[in-house]
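Q: Structure incoming, see below.
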Amino acid sequence: MKENASQTPAIELINVSRRFVSPTGKSLTALRDFNMVVEPGEFVAVVGPTGCGKSTTLNLVTGLARPSAGEVRLMGGPVNGIDPRVGFVFQTDALFPWRNVIDNVMAGPLFRGKSHAEATRSARDWLARVGLSRFEQHYPHQLSGGMRKRVSLAQTFINEPEILLMDEPFSALDVQTRTVMHEELLRLWAERKASVIFVTHDLEEAVALADKVYVLTAGPATVKSVYPINLPRPRVVADIRYEPRFIEYCRTIWEDLRDEVEMSYRRASQAA
Amino acid sequence: MTDTPLENMAPIFRAGTSDAEIEAAALKAMQRRKQAVLFWRLVILVGILGAWELAANRLWIDPFFYSSPSGIVMRLYEWITEGTAEGSLWFNLWVTMEEALIGFFAGSIAGVLVGIGLGRNQFLSDIFSVYIKAINSIPRVVLAPIFIMIMGLGLASKVALAFIMVFFVVFANAFQGVREADRNMIANARILGASNWQVTRTVIVPSAMSWIFASLHVSFGFAIIGAIVGEFVGARFGIGQLISIAKGTFDAAGMYAAIILVMLVTLLAEMIMTMIETRLAKWRPQQHTDMQ
Ligand SMILES: Nc1ncnc2c1ncn2[C@@H]1O[C@H](COP(=O)(O)OP(=O)(O)OP(=O)(O)O)[C@@H](O)[C@H]1O
Ligand SMILES: [Mg+2]
């Protein structure tokens, strides 16, 4: 059993489909025959045209939504409701605006029944790691976008998730801040090696961060191709983008993705 | 295109002005503005009261119907020193306040609880929404005679009327506030490990709070309306009863005096509510004055 456990994938989506049925009875297929495997400690990036079903995929893994067909497995077991091993970083701000920074970070441990003192201790620790110790008592609206994102990271990481899902977490940030956040994310991830699914629109971001890049088709989403990224770690995100192999990866994947993006735009304009 | 000079535009400083100077200037500008606002408020008040007094004095309007500021003040003074036809003024004021306050607190607590309960439960809200709409479309004051018939001339009937006036306003806002709670934020809380009850307490209630407070501001006024209408229809004491008696004796000054009393009390309640709200909403962004 023990040896087996190390081989069980952290996340498995097996022939998953997801249909949305509108109140008028019309159905829309967002995912069809979707297969994905994430090994323990692996960093997977997912790129695909807008509206193809990337967020839907993540929602299935969290347990917030159920597949219409197929199976989602976490660490070898089926998903029943929200799994405590999962952490999720949202695209938009999901911080609680009425709580100051430290209370936001403490939320997870307190929800999970830790004592106040213990929660405070580890919240301080995490705020130090994301470099926000001086802002403990600030409210979210008093922080910059990049700082708020770091609070979100601390809020998610404090629960020590084994499975980390990120839905375009940095897309609202400017380019410099984004690079800083990439470094920070890789550093935090390297400490504990969670299994990550990172959804993004930004191909360079995907290649710079991930071990594997999944390219999805225009909706309904299926996996079009999977590219292993064999760039050495630890990576310096600010420099990696000038390496020839990085550029090569980006070009190859973009060739593949472009068709889908064009198809998605064509469809959207036809519908309009 | 002409340049319209804007009075409120922030001043442009010479290069090299120190921060302290700029801050001092900003502070002074703010004070000046506050004083100007206060000044114009007083001017308008004095103007209106003066015009009223003058018009009544010169018989441009009939003081029998419209009374006059001095007449009203005299009546208030008389009530305060000698009491009203129905006993001391303070007792009558207290009777109305007691009815309104009990109705207000009971109505808003019930409104918040039911609003959040139904807002969180789609099935229950689908069932009850039609009944709530139906009851809500009854103009509340027509219930006054029924309540008085059932519960008598005393406290209970007025409280019931004030309650029903407050309940629906607060309920509707609490319900809407729950519905408007950010879905991402709820999902975030749940993934962080919150149970249903924890989601309600830490996400739903705080985000519905601004909606609830908006309704509380108006609903104290509604509670007073409930109490006074109840007293019109049948009571032995209270401000509504004083107005009723004043009407019976064609005492215009008495009616206006009672109105002013109610106005003052409601303003006071509004001020207290705003204070509590500011205290609770310290997390909200504050307005910054536009100063470079
Ligand atoms: N709750 C829902 N009800 C009905 N349809 C939905 C729902 N959620 C998503 N969809 C549909 O499913 C499809 C996929 O949506 P999804 O949010 O997963 O896209 P996405 O890939 O995350 O897009 P983006 O990159 O723009 O975030 C879309 O066509 C969307 O309209
Ligand atoms: Mg999305």
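Cβ atoms here come from the backbone N, Cα and C positions, even for glycine.
Values in this document were obtained by computation on a predicted structure and should not be read as measured data.
According to TrEMBL, the protein has these features:
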- B:93-273: domain 'ABC transmembrane type-1' (DOMAIN)
- B:38-61: transmembrane segment (TRANSMEM)
- B:100-118: transmembrane segment (TRANSMEM)
- B:130-153: transmembrane segment (TRANSMEM)
- B:159-178: transmembrane segment (TRANSMEM)
- B:211-233: transmembrane segment (TRANSMEM)
- B:253-276: transmembrane segment (TRANSMEM)
Q: Using Cβ atoms and a strict cutoff of less than 8 Å, what residues sit near the transmembrane segment (B:159-178) while being 6 or more residues removed from its termini?
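A: Residues 99-100, 102-104, 106-108, 110-112, 114-116, 118-120, 125, 132, 135-136, 140-141, 143-144, 147, 151, 204, 207-212, 214-216, 218-219, 222-227, 229-230 contact the transmembrane segment (B:159-178) from elsewhere in the chain.
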Q: Mind checking which residues of the chain, 6+ beyond the ends of the transmembrane segment (B:130-153), have their Cβ under 8 Å from one of its Cβ atoms?
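A: Residues packing against the transmembrane segment (B:130-153) from afar: 160-161, 164-165, 168, 171-172, 225-226, 229-230, 232-236.
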Q: As a test: from B:38-61, B:211-233, B:253-276, pick the stretch that has the greatest number of Cβ pairs under 8 Å with the transmembrane segment (B:100-118).
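A: By the under-8 Å Cβ criterion, the transmembrane segment (B:100-118) pairs most with B:211-233.
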